[in-house]
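Student: Here it is, the structure, as structure tokens.
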Protein chains: 2
Amino acid sequence: MDDEKNPVRFGILGCAEIARKVCRAIDLSPNSILHAISSRSTGKAKQFAIKNSLSELVKVYGSYEEVLDDSSVDAVYIPLPTSLHLKWAVLAAEKKKHVLLEKPTALDVGELDRILEACECNGVQFMDGSMWYHHPRTARMKELLSDPNLFGEVRMIYSSSSFVPPPEFFENNIRTKADLDGFGALGDAGWYCIGAILWAMNYKLPTTVTALPATTLNSNGVIMSTTVSIHWEQEGTVATFYCSFLAHETMDVSVLGSKGSFHVEDLIIPYEESSASFNFTSGASFVDLHLGWNMTEQEVRIHNELPQEALMVKEFSRLVKGIKDSRMGPDTRWGGISRTSQVVLDAVKASVDSGSKTVYI
Amino acid sequence: MDDEKNPVRFGILGCAEIARKVCRAIDLSPNSILHAISSRSTGKAKQFAIKNSLSELVKVYGSYEEVLDDSSVDAVYIPLPTSLHLKWAVLAAEKKKHVLLEKPTALDVGELDRILEACECNGVQFMDGSMWYHHPRTARMKELLSDPNLFGEVRMIYSSSSFVPPPEFFENNIRTKADLDGFGALGDAGWYCIGAILWAMNYKLPTTVTALPATTLNSNGVIMSTTVSIHWEQEGTVATFYCSFLAHETMDVSVLGSKGSFHVEDLIIPYEESSASFNFTSGASFVDLHLGWNMTEQEVRIHNELPQEALMVKEFSRLVKGIKDSRMGPDTRWGGISRTSQVVLDAVKASVDSGSKTVYI
């Protein structure tokens, strides 16, 4: 009830396609309300409002500054190109706006640190826009993964994230431009693989990162496809991932433990909104003569009342409300999670740029 | 009918655990019959005959030579340690016995070439003991994989093969001894990953092979676990695989194409004997606002009348009968398939031995 009486008021900087999904998520989230949208021109922002049937109460601004200057705005969602994150996230924090920032978070970890510092100094919440962390399926997988009897130690992680965009994407999309989203497929699809791998390792930074010699760059030098190996020396754990704009839709994560393993095929965007599943096995062995297994994989299905992006907004707003009510300070865990992903992302990029040399972290 | 009247008569060299499964497969295969078994001592061979309830008509020999000298034996199945393959496979061929050889086929491709040459010179059939090639599921997957509209070009292949053997395995099993099965987990579990990857690439040899810096060796220097990347430069295709005695049971293969992808979780030993499935998607995309997919993965299930190992024996015996009836010569395709796997296996071993240097093929 209290949630619905005093919702966190969001402003959005930019009218990217992903902003449409987050508008809806803000609407679905019981503790959040969309207060303002903006674009570099009022016309484009108005078009966005019409296309998405936004309420007439939503303010429509022709500049990002106006959102930051609107004292009714508690928090901003920033889906701008990565190259603009530093400027606008820092400005937002300085204006005491809580920051929900689209991924990849920054051009490098140095930039991200400046953003996180600005948020901390100004007492505002930071979170990146990775939605899958907030799906209850993720929590259930983590529970199993953390069970020493069912799963044991993590030995190997594999992830892939790929899709084939339409031809015009390769001409026009910001993810193909070196000066806008210069990480290309690595920053877009690869961000999720890196996040999933680090999630499985409790966000422990790896020892080394190596881009395998099979990277495809476009004519701007932007990564269209790459395969990466990651190594934790102390644990002897290894991960590989493939991220690509050149292969059919996949969102796979497999985690192999000493006693169990699981596999999920739709991590980033579940096949359906209302439930999602993963396959889990533990203690599998072969029957006599190796004629088969003593079990088949178990499908674990989790139902969710709200879609994962609404759960993300809800969690973000819960933290914001805690700060507003002076009950608590910002939760720096989310910034820490983003930071580990950014560190590994930077290392992959450095490895690609060096012609697949191993990068030590 | 003809099959059952004149079955191919098998002799088995050695009483390895896997021989129990193949005894049964010979029994199930309509064109094959078990004629003789052997061990280094008659006692051990007799024990094997009793344990497996073999017919009293099956000859029990106390040496491998006796099997090769038995003129009633058409073909031999050789499940001996890899270090003994060269000697016994060549001797068998020289005695005009057709050769069904357990994997890994040899200590290196030079040895395998001598085996294949002996088979060719003596006009006998060669086949290695990889059973999964013979499952009708494999043929169905290949059909989809080869469809340019449904699958497109192969971009990425991932495979894992792992299991956790009981503690005594690490003390006593031949796969932990440098002088017996010196490839360890690579020759055992990894052979399948390599085979599956090459199968997806129509057995085209890759450009490079690199063992990632996360290999675990035992105190004998035998591979207990390793992760490998493989690259086809011309196609821009990349593969990674993980093979291990240190992780929970997996037998995964994922193949990502430009238009479709498939995933199988029980490639080497299907969960059940009578049917097996894989997941396939083609032309997947996201619904508006990326709230979900336009499809979920399709489970393709294939029923089989005989288990895959019986289908392997049946196919081998079909070829043997063709040769016996002078209708055709040996089919060298199977030796060619084994040879590509052995070449890649050797390259992985060389990369492991060199501390993860990239090996050019």
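In case you wondered, yes, glycine gets a Cβ from its N, Cα and C as well.
In case it helps, TrEMBL gives these features for our protein:
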DOMAIN    A:8-127  domain 'Gfo/Idh/MocA-like oxidoreductase N-terminal'
DOMAIN    A:140-262  domain 'GFO/IDH/MocA-like oxidoreductase'
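Can you tell me where each of these features sits in the structure?
Tutor: Across all of the domain 'Gfo/Idh/MocA-like oxidoreductase N-terminal' (A:8-127), the predicted model scores a mean pLDDT of 97.
Counting residues per DSSP class in helix, strand and coil order gives 32 helix, 44 strand, 47 coil for the domain 'GFO/IDH/MocA-like oxidoreductase' (A:140-262).
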Student: Using DSSP, what is the helix/strand/coil residue split across the domain 'Gfo/Idh/MocA-like oxidoreductase N-terminal' (A:8-127)?
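Tutor: Split into helix, strand and coil, the domain 'Gfo/Idh/MocA-like oxidoreductase N-terminal' (A:8-127) gives 54 helix, 26 strand, 40 coil.
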